[in-house]
């Protein structure tokens with residue numbers, strides 16, 4: 001079992017300048033790898049949902065202000081650019097997607113283990129450092145998982161694939177607040193902190209096991225050469241241009257920064273909002289309301305993915321982001337169930353925005369795909385910037401008034417939605433991939449998509465056959 005051939009197949013290094021069959025996988029061929037990678041989406045959704053609950057929990061247990069508690073979001077999302085533009089991007093371009101998956105899971109587990117002594121010591125600063133390590137792990141996972149889901153399979157279904165996978169991210173954000181409402185609140189401070197320790201212990205064990213599984217399995221690897229070939233086949237994008245001239249990518253990355261910052265800020269202060277604006281609502285009930293809101297978020301992703309079967313993804317994106325702006329505005333002045341319901345509707349329409357910006361922003365990048373995906377994931381850094389701004393406004397006024405902050409950032413992100421729908425330079429590139437037949441038509445060779453290792457094996461067998469014929 002553990003022969004030299006077995007170890008060679010599990011090499012984490014893949015040549016990036018070689019065209020493979022991986023970028024032409026059919027829906028059936030891409031099903032198994034997509035299912036495995038979708039587990040990662042659930043993981044960081046769970047971690048993100050847990051963070052929103054811990055925000056309010058630490059305000060009460062450690063007696064810190066709303067602005068200071070936003071340090072959790074700043075540490076978590078501040079790590080993303082370091083991963084997506086730094087170490088994770090370096091590993092992705094020089095090794096493989098699988099290598100980044102394993103690296104991200106290792107950092108996630110390491111941060112979870114280190115969080116335990118910090119929780120025991122009631123050190124908020126120490127816990128923020130651990131969250132920063134976890135953020136590096138999850139940033140690494142997103143750097144690889146988002147582009148992998150987007151490019152693994154027929155290009156015309158990329159937005160549908162990533163929204164469907166991200167729906168499991170939404171499920172994770174539902175499970176975490178429900179868990180938090182039962183194990184973080186309703187106990188004395190020491191018992192509540194001990195419960196947090198057990199949660200992070202379980203996380204560490206699970207992610208280390210998952211890292212081993214990713215090492216043992218074989219995943220099809222998509223190279224930059226594959227993506228360059230795909231861009232040429234669809235006649236879309238500026239893949240032949242230098243990276244510095246990929247202006248649509250930079251616009252998408254800025255829109256991602258603004259949108260993600262607004263989304264994180266709303267979820268981070270959701271419990272504060274409902275406890276302040278709704279009578280007889282404590283933090284435990286607020287966490288359950290947050291779980292319900294995240295449930296609408298997850299439903300929105302499934303619904304959005306279904307709608308994209310019939311309506312072009314760029315149009316669905318414009319509709320959903322416009323609705324976010326429309327429904328977040330009344331939450332500033334409304335109270336009780338009316339204000340909370342506005343946030344519920346807003347979270348429903350937030351659902352497809354992040355993954356759709358990701359998929360549309362990667363259109364036509366060709367050989368720049370891996371590097372470009374790092375910039376799009378780095379846009380998550382908005383989650384480190386906007387929540388502290390919102391927390392500062394909430395401390396000066398109240399949480400309802402602070403909703404003007406995400407409203408402003410939604411409005412800026414809206415410029416990208418308008419561009420991909422009404423500017424031909426943006427729109428035509430998106431539509432070229434939406435109508436592409438790659439991976440949809442049955443390939444002439446009838447061969448299942450292969451990795452580089454598989455192709456090298458095939459070449460070796462062919463040479464052996466030629467040699468036998470010569471004898």
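Backbone N, Cα and C atoms are what each Cβ position is placed from, and that goes for glycine too.
Annotated transmembrane segment per TrEMBL: 31-51 (among others), in sequence order.
What TrEMBL records for 71-92 (among others) is transmembrane segment.
Residues annotated as transmembrane segment in TrEMBL: 99-117 (among others). The list of residues near the transmembrane segment (99-117) in space but at least 6 beyond its ends in sequence, with Cβ under 8 angstroms from a Cβ of it, reads 12-13, 37, 40, 43, 47, 83, 87-88, 91-92, 126-127, 129-141, 143-145, 197, 200-201, 203-205, 207-208, 210-211, 214-215.
Sequence-remote contacts of a segment are chain residues at least 6 beyond its ends whose Cβ falls under 8 Å from one of its Cβ atoms, and for the transmembrane segment (123-141) they are 40, 43-44, 47, 51, 58, 62, 64, 68, 71-72, 74-84, 87-88, 91, 100-101, 103-112, 114-115, 117, 207, 377, 380. According to TrEMBL, the feature transmembrane segment maps to 123-141 (among others).
Here TrEMBL flags 162-185 (among others) as transmembrane segment. Listed by sequence, the residues of this chain that lie at least six past the ends of the transmembrane segment (162-185) yet keep a Cβ under 8 A from its Cβ atoms are 34, 37-39, 41-50, 52-54, 57, 145-146, 149-150, 192, 195-196, 199, 267, 282-285, 287-288, 290-291, 294-295, 297-302, 304-305, 308, 351-352, 354-356, 358-359.
With a cut-off of 8 Å between Cβ atoms, the residues of this chain six or more beyond the transmembrane segment (197-217) that come close are 10, 36, 39, 43, 47, 50, 98, 101-102, 105-106, 108-110, 112-113, 115-116, 119-120, 137, 179, 183. Residues annotated as transmembrane segment in TrEMBL: 197-217 (among others).
Among the features that TrEMBL reports, transmembrane segment is placed at 249-271 (among others).
Summarising the annotation, TrEMBL assigns transmembrane segment to 283-304 (among others).
The feature transmembrane segment is assigned by TrEMBL to 316-333 (among others).
The transmembrane segment annotation in TrEMBL covers 339-362 (among others).
If you look at the transmembrane segment (374-394), the same-chain residues 6 or more away from its ends with a CB under 8 A from one of its CBs are 65-71, 73-78, 80-81, 83-85, 88-89, 92, 139, 142-143, 146, 249-250, 252-265, 268-269, 272, 357-358, 361-362, 401-406, 409. For 374-394 (among others), the entry in TrEMBL reads transmembrane segment.
Here TrEMBL flags 400-419 (among others) as transmembrane segment. A Cβ distance under 8 Å defines the sequence-distant neighbours of the transmembrane segment (400-419), meaning residues of its chain 6+ beyond its ends; these are 248, 251-252, 254-256, 258-259, 261-263, 265-266, 269, 273, 276-277, 314, 317-318, 321-322, 324-325, 328-329, 331-333, 335, 339, 353, 357, 382, 386, 389-391, 393-394, 426.
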The answer for the transmembrane segment (316-333), taking Cβ pairs under 8 Å and residues 6+ beyond its ends, is 259, 262, 266, 273, 300, 304, 307-308, 339, 342-343, 345-346, 349-353, 356-357, 360, 400-401, 403-404, 406-407, 410-411, 413-414, 417-418, 420-421
